[in-house]
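S.K.: Sending over a structure as structure tokens; questions will come in a sec.
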Amino acid sequence: MKTKRVLIIDDEVDARRVISKYLERYFPNFQVLGEADSFKSAVQLINETEADLIFIDINLGDGTGFDVLDESDAFAAQIIFTTAFDQYAVKAFRYQALDYLMKPIDSELFVEAVNQALDKVRERRSMSEDQILISYGNGERKISIPTADGMCFVRLDSIVSFEADSSYCKIFLDDGKEILVSKPLKFFDDKLRANVNFIRPHKSFIVNMKFVDEYLKEEGGYIKMKNGLKIPISRQKKEDVIRELQIHFL
């Protein structure tokens, strides 16, 4: 079995030790990439690593586990919330949490939750690129979009932008339509990374440079799309974005 990468986020030392102990006992092939005990350190840890599974406490000293997920690129990982309070269960599953473990954590429920996570990781990794991006005989490139009824296929060159919306993603099309997808932005970022027409100027947006109308310095810098959308550019990505735009438009 391929090693699975794990993060443990909890402001209680004993709680982190329990999870580490259970992993060592029941899943010795797992690798704990790191631990965090606060909102700030958790966001940094998640963004600097690529985990398959994250255990995250809901109540952290300087924020919540929900805040961490909102501010980080954790969406590629399976999420298991841990907490001493049960009133957050509904909200946890809105964040597409795989499971919700009450403290003190029962070992049998822990093993059950981790096995579910393994199934999900295997399922995701078994998906081939052809299941996400497909080519047709006329050279038209399309992307498959998961829907409640199955999936739809959308031309890449008709997509203006993607926008993160909590654990969902909005897709804006050139005909004015919007599609709300129960997939995080990172899901599409991973699939489009090799496509030179798409850039990610901000953690919450991916844009198709085909539909970029202009770059404006005001308000910290943003991209104006042909459909009127204003896409912010994060400070740390500004130089890279400007360079990509210059290359694309010569």
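FYI, residue positions are counted from 1 along the chain as it appears here.
Cβ atoms are placed via backbone N, Cα and C, with glycine included.
All TrEMBL annotations are machine predictions without curation.
This is the feature table in TrEMBL:
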DOMAIN    5-118  domain 'Response regulatory'
MOD_RES   ASP57  4-aspartylphosphate
DOMAIN    143-247  domain 'HTH LytTR-type'
S.K.: Quick check on the domain 'Response regulatory' (5-118): DSSP residue counts for helix, strand, coil, in that order please.
M.R.: 49 helix, 30 strand, 35 coil
S.K.: When you measure from the Cβ of ASP57 (4-aspartylphosphate), which residues in the chain that are at least 6 apart have a Cβ under 8 Å away?
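M.R.: The answer is ILE9, ASP10, ASP11, GLU12, ALA15, GLY65, PHE81, THR82, THR83.
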S.K.: So, by DSSP, how many helix, strand and coil residues make up the domain 'HTH LytTR-type' (143-247)?
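M.R.: Result for the domain 'HTH LytTR-type' (143-247), in helix, strand, coil order: 30 helix, 47 strand, 28 coil.
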S.K.: Would you report the average pLDDT that the model assigns to the domain 'Response regulatory' (5-118)?
M.R.: 88
